[in-house]
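K.L.:
Swiss-Prot feature annotations, pasted as is:
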{"type": "BINDING", "residues": "GLY79, 82-83, SER87, 89-92, 107-115, SER119", "note": "5-phospho-alpha-D-ribose 1-diphosphate binding site"}
{"type": "BINDING", "residues": "GLY79, ASN110", "note": "anthranilate 1 binding site"}
{"type": "BINDING", "residues": "SER91, GLU224", "note": "Mg(2+) 1 binding site"}
{"type": "BINDING", "residues": "ARG165", "note": "anthranilate 2 binding site"}
{"type": "BINDING", "residues": "ASP223, GLU224", "note": "Mg(2+) 2 binding site"}
Amino acid sequence: MQAILEHLYQGGRISREQSQQLFGAIIQGQLAPEQLAAALISMKVRGEYSEEIAGAASALLADASPFPRPDYTFADIVGTGGDGSNSINISTASAIVAAGCGARVAKHGNRSVSSCSGSSDLLAAFGIRLDMPAALSRQALDELGICFLFAPQYHSGFSHAMPVRQLLKTCTLFNVLGPLINPARPPLALIGVYSPELVLPIAETLRVLGYQRAAVVHGGDMDEVALHAPTHVAELREGTIENYTLNAADFGLSAQPAEALRGGSPEENRDILARLLQGKGEHAHESAVAANVALLLKLFGQENLRDNTHRALEEIHSGAPYARVMALAARG
């Protein structure tokens, strides 16, 4: 282990197997905080490679508590966080809306580390039980088309890294890992990343991890599909990665200012999203969610982004997404 750490300190890259060994030790609490901090910063400064990310993800998935994986097609939609935008929880709202459009979503999330409100902070504010047993979460996925999997419930090893992550107050490989270690192991994923430099490496990592189809996005300094700036996309399909750019017009939408998506505390975000999911939200909010839902639906084989956007907006305006949230909360 010391040889791996020393190699990292010298700015070297490590193999997938070495990364799996390193992160296996991390989640077993075998590294001192100083060693962990130094390793994470060493990788951050020179940039993380896809083999290293895949090795780390494999270590955490191997250690995860089991989830009864369905045999039907389902997805995750999740962002790394750490983009500094403090926006409303677009991916969480998108997951709920997408479920009403026929896309089953098992969303993996956590409490906030570096922003105002993570997905789990928001869900707790809605009264949704974060420690729902795996069998009940699977039942919700079957019957409601959506479930939320709280990372610490399935990845106890995260606790060993959390104090160091909070102390560093910056994005590290752990921010990148969160979207890749969904214990349900979805075959499809829409993943937002906090830096454009991560778009292709994460897509390559998804290919190594065996995803059927996925899209990795970064738009205008946000880990989402953006409407205020071009969105950079790396789409994985049948082992091939295609890079392209999307603009608001591709969704049949008008551009919206980034400031319009500013969020706040979990309670404030809950109120914003409650209005949105009841069909009473702000135009910029529903447009942002609809665009992200549209790209997610594309991964399910619904290729027309404009049609998908229209469908998502109809679902939002119906108010049905809010009823879905309340139904999930009632399963407490």
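Cβ coordinates are placed from backbone N, Cα and C, and glycine is handled just like the others.
Predicted, not measured: the structure shown is a model, and the values here were computed from it.
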K.L.:
On the three-state reduction of DSSP, what should I expect for ARG165 (anthranilate 2 binding site)?
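P.N.:
It is helical.
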K.L.:
May I ask you to report the DSSP-based helix, strand or coil state of GLY79 (5-phospho-alpha-D-ribose 1-diphosphate binding site)?
P.N.:
strand
K.L.:
Using DSSP reduced to three states, classify HIS108 (5-phospho-alpha-D-ribose 1-diphosphate binding site) as helix, strand or coil.
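P.N.:
Assignment for HIS108 (5-phospho-alpha-D-ribose 1-diphosphate binding site) reads strand.
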K.L.:
Do any of GLY79, SER91, HIS108, ASN110, ARG111, ARG165 (binding-site residues) have a CA within 10 A of ASP223 (Mg(2+) 2 binding site), and if so which?
P.N.:
GLY79, SER91
K.L.:
Expressed to the nearest Å, what is the distance separating ARG111 (5-phospho-alpha-D-ribose 1-diphosphate binding site) and GLU224 (Mg(2+) 1 binding site) at their Cα atoms?
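P.N.:
Answer for this pair: 18 Å between alpha carbons.
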K.L.:
What same-chain residues, at least 6 away in sequence, bring their CB to under 8 Å of the CB of GLY79 (5-phospho-alpha-D-ribose 1-diphosphate binding site)?
P.N.:
ILE90, SER91, PRO179, ILE191, GLY192, VAL193, TYR194, ASP223, GLU224
K.L.:
Name the residue among the binding-site residues SER91, ASN110 whose Cβ has the smallest number of other Cβ atoms within 10 Å.
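P.N.:
Result for the binding-site residues SER91, ASN110: minimum number of other Cβ atoms within 10 Å at ASN110.
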K.L.:
Which residue, of the binding-site residues HIS108, ARG111, has its CB surrounded by the fewest other CB atoms within 10 A?
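P.N.:
Checked HIS108, ARG111; of these binding-site residues, fewest Cβ neighbours within 10 Å: ARG111.
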K.L.:
Tell me the coarse DSSP state (helix, strand, coil) of GLU224 (Mg(2+) 1 binding site).
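P.N.:
Looking at the DSSP assignment, GLU224 (Mg(2+) 1 binding site) belongs to neither helix nor strand, so coil.
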K.L.:
So for the residue listed as 'anthranilate 2 binding site', how many other CB atoms are inside 10 Å of its CB?
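P.N.:
Looking across every protein chain shown, the total is 19.
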K.L.:
Using Cα coordinates, what distance in whole Å links ARG165 (anthranilate 2 binding site) and ASN110 (anthranilate 1 binding site)?
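P.N.:
ASN110 (anthranilate 1 binding site) has its Cα 13 Å from the Cα of ARG165 (anthranilate 2 binding site).
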